[in-house]
Amino acid sequence: MSQHFHHNPVRVKSGSLFATASEALQARLSKIKRKDKECQAYFRKVIKSTFFQIVMITTVTTNSFLLVLGTNYDIQFEFFRTFEVSELFFVSVYVCEFLMKVYVDPITYWKDGYNILDVIILIILTIPYLLRKIKGNHSAYLHFADGIQSLRILKLISYSRGIRTLIIAVGETVYTVASVLTLLFLLMFVFAILGFCLFGVTDRGDLENWGNLASAFFTLFSLATVDGWTDLQEELDKRKFTVSRAFTILFILLASFIFLNMFVGVMIMHTEDSMKKFERDLTLERNLAIMEEKQIILKRQQEEVNRLMNTQKSGSMNFIDMVEGFKKTLRHTDPMVLDDFSTSLSFIDIYLVTLDNQDVIVSKLQELYCEIVNVLSLMLEDMPKESSSSLSGLS
């Protein structure tokens, strides 16, 4: 007890001291001002450009294709020099990529797990050269070193956001999947002991599949994947085990139809959540990019207006005087082209008021026209009476 209470504070204190020291070191490094900011910004722009990503994806894909061709001995023997030159080229490209990224962000580079993966791949690339240099071309581990060169295709992960999303989804399912696999292991343990006791007897049992605990586990794994379970059941039927069919059906129902489907369901749920989150992030990034473009355009327009207002025209006339003079020369019949003027709130307000006034004027004109028509009709009715009276007077 005393050791327990005296050990933990020391470890916590040492951990806090390490964290404090790392934070202090990081703060001190962040205060260092670089004198090559323009060059750093240029390389950052190059690394984040679409062209650079396409070049790296093409390089990794071509390298993987040549690795596949290298598995054919005849092709490798015929184009030996081509493979050697291409290998040097690919390694040079990977090293240049590493140096550029470290140059741009020498501190934050090591905080990204995918960058650490790239560094590990670079180390793996150097293993065959070191073995040939130290042990010669007949080293026992040289074939293994050549085989793990296929891991360089994992560099595509850092350039594919979709693959990174799937990896995040798999990482989020670790605890749930571990729980499901633990339950499956417990189920297999129970059925392995039961199968060993029922079908692993020495006189007439199936010793090849149920003779010991290891073979029983392997047999249950075949039953869980429903791979060759009919052959296993035929072996038990030949030995006339009456409960073998019930045992097999029960284990397949529990392991294959429940636990494995539960495992697949958990993976699908987390993958869907990650894909929805990925789509939301893409939408948010698009909206942010549009907002940034709008801000840049507005800032540029404001700078242009300020520049025009600050510049003086010949004859001591500034921008405001120019606008006032331009207003005096305008007529209501002059055509004008206004960009985005109709989207302003002031224009919409004036336009709505104008429409209301126009409606009022139209209604008044309609009333006036009705009155005019009424007066004209009355005048037409009175005209025959006046003509008849004039004719009677003449007679």
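For all residues, glycine too, the Cβ spot is worked out from N, Cα and C.
Annotation comment: Swiss-Prot describes 217-236 as intramembrane segment, evidence class experimental evidence. Under the heading topological domain 'Cytoplasmic', Swiss-Prot lists 1-48, 161-168, 269-395. According to Swiss-Prot, the topological domain 'Extracellular' annotation covers 72-80, 132-143, 196-216, 237-242. Residues or ranges marked as transmembrane segment by Swiss-Prot: 49-71, 81-107, 109-131, 144-160, 169-195, 243-268.
The transmembrane segment (109-131) shares the most Cβ pairs under 8 Å with 144-160, out of the stretches 49-71, 144-160, 169-195.
When pLDDT is averaged over the topological domain 'Extracellular' (72-80), the result is 86. Residues of the same chain that lie 6 or more positions beyond the ends of the topological domain 'Extracellular' (132-143) place no CB under 8 Å from a CB of it. Through the fold, the topological domain 'Extracellular' (196-216) approaches residues 232, 235-236, 239, 241, 243-244, 247 of its own chain, all at least 6 residues removed from its boundaries and within a Cβ separation under 8 Å. Secondary structure of the topological domain 'Extracellular' (196-216), assigned with DSSP and counted as helix (H, G, I), strand (E, B) and coil, comes to 12 helix, 0 strand, 9 coil. Applying DSSP to the topological domain 'Extracellular' (237-242) sorts its residues as follows: 2 helix, 0 strand, 4 coil. Listed as Cβ neighbours of the topological domain 'Cytoplasmic' (161-168) (distance under 8 Å, sequence separation of 6 or more from its ends, same chain) are residues 114, 271, 274-275, 277-278.
Residues of the same chain lying 6 or more positions beyond the ends of the topological domain 'Extracellular' (237-242) and with a Cβ under 8 Å from any Cβ of it are 198-199, 204-206.
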